[in-house]
Amino acid sequence: MAILVNGASSVLIQGITGKQGSFHFRQMRAFGTNIVAGVAPGKGGSRFEDIPLYETVQEACEHHTIDATVLFIPAAFCKDAALEAIEAGIKVIVIITEHIPVQDELIIVNRAKLKEAVIIGPNTFGMASWKCKLGILPNVAFSPGPVGVVARSGTLTYEIVGSLTNVGIGQTSVIGLGGDRVPGSSFVDMLKRFEVDPDTKCVVLVGEIGGNAEEEAAEFIKTMSKPVVAYLAGKSAPPGKRMGHAGAIIERGKGTYEGKVKALTAAGAQVATFPYEVVEKVQTLLGHA
Amino acid sequence: MKCFEYMGKEIFARFGIPVPQGRMVLKPEDAATVAAEIGKPVVIKSQVLSGKRGKAGGIKFADTPEAAAQAAAEVLSMTVQGLPVQRILVEEKLKIDAELYVAITIDGAAKAPVVIASAKGGMDIEEQDEADIVKTHLDVFLGLPAFLAKDLARKIGLRGNLAKEFSDILSKMYCILNHKDAELVEINPLVISGDHLIAADAKLTIDDSALYRQKDIPFVDEDMTEVEKMAKAAGVGSFVELGGDIAIMANGAGITMGTLDMVQLFGGQPANFMDAGGGTGVEGTAKALRILLAQNPKVILINIFGGITRCDDVANALAQVKQNIGIPVPVVVRMVGTNEEAGVRILKEVGIDAYRDMKTAAQMAVALAKRGEGA
């Protein structure tokens, strides 16, 4: 029914007692997520509602088998919190926090790669699978079904997933890669998982202008057996923050709306011009029309 | 945050990268003083956050302090790429034998810093042949070890003292990237002058997310419009002025772009890009609304899909602004997601209807803007 996690996964929340952490703890639990522990320095040994709290991730891992952790940690402390989770051996780490300094992100994602942990984010809505939501996407948007969704931007994904749900098309997993310069996971990482997931029949890719993640995805889509529908935001938007010469040299004309559409179309993906067209295309592919 | 060249050079000098002798000044007479101190022909460089200054006439040469004052007066009265010149850098004119290019930046796709170097620096580096550019990704845990810096010098064809100085400069650039939270450290051109290298330019971009721990670097906001500065000061996630008449606020960069795309499809002109950010509360949303109003739009379009952002917070802010300062133009709201019912109820109380569907809301905003034109 899903990639990375499912209803049987045991979940830790780092920063569970904070404003965002406590609000989304309740939302996640209402979704069905099996939350087994929380980390809240200074409050170890007590409980938050009925959830046991620990001083450190290591301590939580000594008392529970943890499959995944979600971080609701302020940007300045996120590097340490993420490294703590990686070193404790947790394999799925969801970092919701935005505005993490890019140097900190580099350390986090490279350390995770070394320890074979999957990072979702930073600056992401997280992910949802069958009975397991790790993050902040609204519960009402998601429903179980055959479509895998992987996205760079959050609210646009709610838009598309919500529309799919409204017409009765559910999802295996919905993954938010995050909007930062150095995301922990790429489109290709997730497309590989959807390709081998027996329940995923078709994949929706939500991209945007800038960077070359969509161009890389296009290369992998060429090899996929499952159909892919893509939507790219930013057709009319001003180009994002450009980095001058060096950025231009790395990208060499990649990153434009037209270039991405061309790469994806050539790879066999169907590209929707507007969010609501994604639903029409998926309906046709699944024979729901 | 982009730094002015003179700021970049100050930081370079602090880290031991050779830069020309010189100083930033604000007035022509100070340019003469600096030129006299240097006692050699000087170059007067406009300090604006834009490339292609040379081509735009923003760089002039002078042989005497009097000529420096005159050149400075000319440059200070110019605009370069639409930006008025308020500061100039007066520095010694270098003897240039050749120009190199070198930069370190972050390659997000590769999740690594990357060094880019070329023996052919100067203008038009972007258009240069791929074969003439050396690119090497760095392991973030190893940094830039000396052996790698030496090998990069070799790869762009440097020998002897020049190779030694090049690898030394490269190591110091990496230190700046690391210690100053830079996203880009670039020298173009890195000048060969006799048997020495000297940084004739300095381009430094500091990671906005890390400014909190780089407090010794002065804040630069020169490439922003007045309204953009207001947005920055108010802590709005991301804001760019676009010049149309439909002011737009959405939560999330992707959905904001999607909203702009849709408004344009239906024939409307967005006044701005505003990603109010995730989790913005009542206070932040109210500030964001005031910024939209400052653009004097014909219509305001708000597109909220609540996740971490709560619809009731947005609705409360909207109600607050309407009651406190009044909203003189039509407001079209699309609102779904977290705490949607409460949000819709609050809006109804102040006489604003909310749509559930983004397409209808965009169409309505465009229709209202067109009606505004006819009136």
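Glycine is no exception: its Cβ is also placed from the backbone N, Cα and C atoms.
Feature annotation from TrEMBL assigns active site, tele-phosphohistidine intermediate to A:His245.
In the three-state DSSP classification, A:Gly18 (CoA binding site) falls within coil. Residues or ranges marked as CoA binding site in TrEMBL: A:Thr17, A:Gly18, A:Lys19, A:Gln20, A:Lys43, A:Ile96, A:Thr97, A:Glu98.
Contacts of A:Tyr158 (substrate binding site) defined by a Cβ separation under 8 A and a same-chain sequence distance of 6+ are given as A:Phe125, A:Leu137, A:Pro138, A:Ala141, in order along the sequence. Annotation comment: TrEMBL describes A:Tyr158 as substrate binding site.
Look at TrEMBL and you will find A:4-100 tagged as domain 'CoA-binding'. Sorting the domain 'CoA-binding' (A:4-100) by DSSP state (H, G, I as helix; E, B as strand; all else coil) yields 33 helix, 23 strand, 41 coil.
Around A:Gln20 (CoA binding site), the same-chain residues at least 6 positions away in sequence with a Cβ under 8 Å from its Cβ are A:Phe72, A:Ile96, A:Ile136. Neighbour count (other Cβ atoms within 10 Å of the Cβ, all protein chains): 23 for A:Thr97 (CoA binding site).
Secondary structure at A:Tyr158 (substrate binding site), taken from DSSP and collapsed to helix, strand or coil, is helix. Here the binding-site residues are A:Thr17, A:Lys19, A:Lys43, A:Ile96, and the one with the most other Cβ atoms within 10 Å of its Cβ is A:Ile96. Those binding-site residues from A:Lys19, A:Thr97, A:Glu98 lying by chain B, with Cβ under 8 Å from one of its Cβ atoms, are A:Glu98. Spanning the residues A:Thr17, A:Gly18, A:Lys19, A:Gln20, A:Lys43, A:Ile96, A:Thr97, A:Glu98 that the record associates with binding CoA, the maximal Cα-Cα distance equals 25 Å. Cβ crowding, taken as the number of other Cβ atoms within 10 Å, peaks at A:Glu98 among the binding-site residues A:Gly18, A:Glu98.
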